[in-house]
Amino acid sequence: MGMFERDTEIYRNRDALREDYQPDELVGRDEELERYKTALQPVINGEQPNNIFLYGKTGVGKTAGTRFLLDHLIEDAAQYEDIDLTVKMLNCDGLSSSYQIATRLVNKFRADSNQISTTGYPRATVYDMLWSELDDCGGTVIIVLDEVDHIEDDSILYQLPRARANGNLSEAKIGIIGISNDFSFRDNLSPKVKSSLCEEELQFPAYDANELIKILSQRAQVAFHEDVVDDGVIELCAAYGAKDAGDARQSLDLLMKTGDLARDYDTDTVTDDLVRDAREELERGRIREGISGLTQHGHLVLYALLTLEQQGETPVRSRDIRPRYTSFAEQVGVDPLVPRRMRDHLGELSMLGIISAVERNEGRRGGTYREYSTDMDVGMILKALEETVEQVGIHESVSEMVDQETTLSEYT
Ligand code: ADP
Ligand code: MG
C-alpha cells in the first residue's frame, strides 16, 4: 500500500459540486430563462440580435443560465443554413479598462500563434483590429461580457453596440450580453450607453429554499454515492442558503464542505450535524477573511474589546472601550480616532458578525446607547489578530491564550 490511498466512499464525483461544473439542465429558473430565450430569439430569425443586460446578485445562475441558453442557441442555429453564429464569452474580472477588454476580444478571434500584446497599442488601433476581426468572422456574433461591472470606463460599452451604426462594421451583426452582479452599475452608465447596452433588461432574483433544494438535489445525485446523504441534509443546506443570500454557489459550497467533513471523519453518511459543523467552519473562514480586510484601527478596536471581554467587562459601551483602544493606539504610535470614527469601526465589526451590538435605553432621561461584546470564539479572533497583538504587545488578559501555542494552533 502506498502513502496515499483513494477514498471514494462518500463521493462519486466531487467535482459536480464545484462552481465550474455545468449541469445538463437548469432547475428552478424557468420563468427567467423563458424571458432570456425570448430576448435571444432574433438570432434564430436571422435578425440583428438584441443587446441584453442581465443582473442579479452573485450565485443566482447568471453565468450558468447564459451558458446553458447559448449552448442551445448554437446547437439550434446550426440547423439553419443562413445563420452563421459565433459566441465569445469574456469574464471581465481582473480587467478594468475598455482597452483591456478590446485586446482580449481581439485575441479571442485569433489563433494562439497570432495573439496581440495586451499593452502598447493606441486605443484606436486596438478598436480597428477588433472591427476587422469581427468583420472577418462575419455572420451573427454574440459577445458576452460577464461581470461587466469591473470595467471602469464605458468606451467599449458604447463602441461595441454602435459599431454597425457608426460604420465600423459592414459584415458582422453583433449583439452584446452584459452581465452584472451590481445593479447600480447600470444606473451609473451614461444615458447613451444605457440606451444601447440595455435594450433588453433581465433580472435574476435570489433563490428561495425550494429552488435551492432542486439545485442541490440535482448536483448531489451526481456527486454522492447512493444512500450516503441523509434525508434532511439537502433541505438544511437549502434553508441556510435561502436565509443567507439565496446564493446557489454558497449553498453548493456548504454541501461540499459537509461531504468533506464526512470524508475527513471517515464516516459513511452525510448527516445534518455535519451540515451544522460545516457551516460553522465556513463562517469561521469568512470571519477570518473579514478581520484580515479591516484597517489597523479596526484591529485595535477589536483587540481592545477582546481584552475587555476576557476580563468579564462586556457588554461594554463604546466610551468604556475607548481608554483601552487609545492606549493600544499609543502603543503602536498612531493617533487614536475621534469617538465617532471609533464607533464606526464598532459598527463595521458588528456588521461582519464578529461582535454584537445591543441597543439599550437610557432610562427615564430617554435616548439610547449600544453595548458591545464579541460574538465569535475569542481564540479564533485572537489568532486572526496575531499581527496586532504582536505590535501592541500581549495584554495580560489574553497572555495565557497567547502563550499556549497549542491553543492557538488549533485555529490555524
Ligand atoms: P452567478 O453567475 O449568478 O454568480 P452562477 O451561474 O455561477 O451564478 O451559479 C453559481 C453556481 O450555482 C454554479 O455552479 C451553477 O451551476 C449553479 N446554479 C445556479 N443556478 C442554477 C440552476 N438554476 N440550476 C442548476 N444549477 C445552478
Ligand atoms: Mg457569474
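Using the three backbone atoms N, Cα and C, a Cβ is placed for every residue, glycine included.
Here is what TrEMBL records for this protein:
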DOMAIN    48-204  domain 'AAA+ ATPase'
BINDING   Val60, Gly61, Lys62, Thr63, Ala64, Tyr207, Arg219  ATP binding site
DOMAIN    302-385  domain 'Cdc6 C-terminal'
Which binding-site residues from the list Val60, Gly61, Thr63, Ala64, Arg219 come close to ligand 1, meaning a Cβ under 6 Å from one of its atoms? Val60, Gly61, Thr63, Ala64
In all the protein chains shown, the tally of other Cβ atoms within 10 Å of the Cβ of Val60 (ATP binding site) is 24
List of residues, in chain order, with Cβ under 8 A from that of Gly61 (ATP binding site) and at least 6 apart: Leu26, Arg29, Glu32, Phe204, Tyr207, Ala248
Mapped onto three states, the DSSP assignment of Val60 (ATP binding site) reads coil
Quick one: what's DSSP say for Arg219 (ATP binding site), helix, strand or coil? helix
Going by C-beta under 8 A and a gap of 6 or more residues, the same-chain neighbours of Thr63 (ATP binding site) are Asp146, Ile179
Here the binding-site residues are Lys62, Ala64, Tyr207, Arg219; which one has the lowest number of other Cβ atoms no more than 10 Å from its Cβ? Ala64
Anything from the binding-site residues Val60, Lys62, Ala64, Tyr207 with its Cβ under 6 A from ligand 2? List those in sequence order. Lys62
For the domain 'Cdc6 C-terminal' (302-385), how many residues does DSSP put in helix, in strand and in coil? 44 helix, 16 strand, 24 coil
